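Positions annotated as domain 'Ig-like' by TrEMBL: 53-132, 147-230, 248-333, 338-423, 495-588. If you look up TrEMBL, you'll see 595-693, 698-795, 800-894, 895-986 marked as domain 'Fibronectin type-III'. Per TrEMBL, the feature transmembrane segment maps to 996-1015.
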Amino acid sequence: MGKLSMTSVPTVHTSPYSIHIGISYVPNIAILSNVKALQTNLNKFGPVFIHEPDDIMFPLSSDEKKVVMHCEARGNPPPTYRWFINGTEMDSEADYRYSLIDGNLVIMNASETVDHGKYQCRAGNSFGTVLSRDALLQFAYVGAFSPKARGGVSVREGQGVVLMCTPPPHSPEIIYSWVFNEFPSFVAEDSRRFISQDTGNLYISKVQPSDVGSYICLVKNPVTNARVLSPPTPLTLKTDGVMGEYEPKIEVHFSPSVLAPKGVTVRLECFALGNPVPTITWRKINGNIPKKARLRKSQAVLEIPNIQLEDSGIYECKAENPRGGTAFKGHLQVYTLPQWVRMINDTQMDSGEKLQWECKAMGRPRPTYRWLRNGLPLTSQGRLELHNGEMTIHKVQPMDSGMYQCVAENKYGSIYSNPLNLNLNLKRSGFLFVCDSHRAGIDFCVLSYRIILLRNNTLKIVNSSRADEGNYVCRAENQLGSAEMTAMLWVKEAMRVALSPSRVEVTVGESVVLSCRATHDTSLDVAFQWFFNQKPINFHHDGGHFESIQTSSTVDLMIRSILLKHAGKYGCRAQTSADTVFAEAELLVRGPPGPPGVVIVEEITETTATLSWTRGLDNHSPISTYNLQARSPFSLGWQTVKTDPETVTGDMESAMAVELNPWVEYEFRVVASNAIGTGDPSAPSRGVRTKEAVPSVAPVNVSGGNGRRHELVISWEPVSEEFQNGEGFGYIVAFRANGTRGWKEKMVTSADSTMYKYRDETFPPLTPFEVKVGVYNNKGDGPFSKVVIIHSAEGEPRELPIDVRAYSISSSEIRVTWKPPNPGPGKPRRYEVSFWKDSEQEESGSKQQTVRNETSMILTGLEGNSAYLVTVKGFNSIGHGPPSAAVTAKTRKSPNNLMWIQEGNNVSLSWDPVKAKANESDVIGYMVLLKQEGRAHNQVTRTINPSTILSLPEGGTYVIEVRALSEGGEGAVSSQLRLVTSSGEPLSTHRHMTSVITFSWTACFLCAVILFPVLN
């Protein structure tokens, strides 16, 4: 069956469809001779929402302070939009922060105090107005705790205690945890300790000495992930006795009346203080606890996932210990938001008729109803009656036209029906169809079983054929006049589309081709369009995965390197000017599994953690195994852990992680695998700490030695915090003299210690000792290391070096030699040489040390022609030995009264002859050094006379030095001469003189040369 559209002339339809020639009347319509003008009016319609605003939780800490509330409606004419907050219309012109973009509301610099509330979008055109559902805008944040110091809490051992969190302002609900002493040492929950996610408080049913410390409440916003720490609350023990046993007292419990929406997970808390620690049990009055329910946190929490109406009832938790018991009961009620069970459609009718619409929804509590017309509420009055979801309008009038909506609501929410358009026809007094077909002699349409005039003035032609082709004229008349329109009908062969394959399975990374072939009337052109899950495929923004290849009547869709997201329904739409045909094919993509659901730590011991999770998507390939992974502050990222059972199969949703380290905080995650590969991991679990245990790892690399006289030094490599297994960790150092019985044990309380020193003046140096180092914590003593032999300290050197000698090798250097002291306790490892002028005190002198245990040293930087006293002493890590007797050495002389004459490129030098003293070697000549700055090569001139002539080969800066030579070596250097010359220019003649001790000089500042002396 087909319908003849009035949107274009001519209009083409295909056989064997029924044909509708229809016209809708609008009040006060003008007489139209132009068919297209009439058709334009017929295609107009009221607004219908495509996208209504959604609830938004906006983080206040977001860098982009912009909130966008989406609203989009279709309609002809295009709708205009208005927005309301808490029922009040918003004025985008009055507040610069608000702007409308294509119906969307944009709020800049969003503020929780001003912008929090319920938002509605109203879309309207000339046909009417519709109102969107409510959208709640909330802001996610967490404030800071009060900085005021918190008072300490003091209780007796065995007594119960509640530590208050008093959280800061926040939105939405936050996650609570507690830190013990310092971050990130978290309080581990067990049968004795419980953290309420309702109150945030920490409950300890029976306080033990290990609980003494500082407690910090940590809150986390699940939307922003922001964390805030409270000031610490000290917990101490009273010294006036231990608390005796007492019966349980329930300190935290669920509400007497719990309301929960259908489908969510409900957590009921119950925890009691008592001594001994109470046991918690649960039951449902007059029924059984649902099988899907789980007990968490040592049975302190009853968790019911995906709650349904049948899970409602009275639940009881009971706390018992040997001293007695107590119970609490509460009523769990499940509610549901309204849901439509009966919908209504647009209506077109004549004026004066009776309109009756009924909408019906289900919900708990039962919904109530209200009606809107053009976005405004309706009440029963006059011709309008409203009763329990039913709306009746007697004798509808043109004023009743518009857009209607039904709203069903209960105390937990509301739903809005699709907009309903009431369109009225003016009452007709005459109606005539004129048919100009190929059947000769027929002027008017003859109604029959095949040609039918419908109630809404639509002409329906059943089993149409080419004989029905021709012009059809529809004429309408009433008291205001008449109007007519003409439609032309062509009958074509129906188009058929085949999409193959209709269902295909592929693996991630493979490629596939879907072929769409159309069989159609050859006189018509066909156009194709591909869809993915009802949406047109954008071939320019698909990352190169899609390609369309078309011939005249066939189009192929190639999908390359398929990903999991490409699974779904692919549609091919073929369209001609006569009809449109749509065919779909389903593509299933096999791939690695999706991430498992939330990982929950059910139970924690010293070395095990029982984990549970929910099954993720298998992506069309059954999950074969699960892999459990853990992360701690001591691991390099995520590590696979051993499990019980050893292999966790794909049908399991719980397993135990084993061989964990005690007293270590872990996070856990689960990874699923199938035949295709390994999927993405689940989100990490909440961090939990394993329970304390006796240490199991002994220190390694136990050694020692050195130290001062009569000391035994013992060192070891500290045990990592990962293996300390609990609080109060320390070391036990045990030792005894070799060959004796009975161990001496000393406690080292610092976990970071690496050394212990024992002093006893009764044992001689290098006494051998048997040594071992053990570990302990609050749970008990752990193992000892292997026994090693360590000798007591040998002490500082006690003998002085012998045969110490010193002699001058130049005017600034003295060589010192010696022999090691006689063997004895305190062998020197290095030596220290002290030296000072004979005219000075030893304290004012200098000291130099050997790098190792060398027995010679050259003292440098000394003054020429000066006598020095020298001593040598040995030392080691313990201390210094006695110095040797002082020996004397005198440095050599240097040339004096250096004079020069500069003539052209030549420099004539002269100086006073150096005369040796009685205890010095005779002077046998002099060495003159000429070096040019910036050049590695030096020019050396030797002469037996106290004068020489040097040639300066080119321009530059030159330095000249003179030394005396003897059989013992070089003497001290003279003062330096620095000459700056310019190449190619004649040099004037100058005479200069300088002295090592006192000198005067004249510098002639010419552009050609500058001469000046430089002292060492």
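Using N, Cα and C of the backbone, Cβ positions are placed for all residues, glycine too.
Just so you know, TrEMBL annotations are computer predictions that nobody has curated.
Contact between the domain 'Ig-like' (147-230) and the domain 'Fibronectin type-III' (595-693) is supported by 3 or more Cβ pairs under 8 Å, counting only residues 6 or more apart in sequence. Highlighted: of the candidate stretches 53-132, 495-588, 698-795, 53-132 has the greatest count of Cβ pairs under 8 Å to the domain 'Ig-like' (338-423).
Secondary structure by DSSP for the domain 'Ig-like' (495-588): 3 helix, 54 strand, 37 coil.
Each residue in the domain 'Ig-like' (147-230) has a pLDDT score, and their mean in this model is 91. For the domain 'Ig-like' (147-230), the DSSP counts in helix, strand and coil order read 3 helix, 34 strand, 47 coil.
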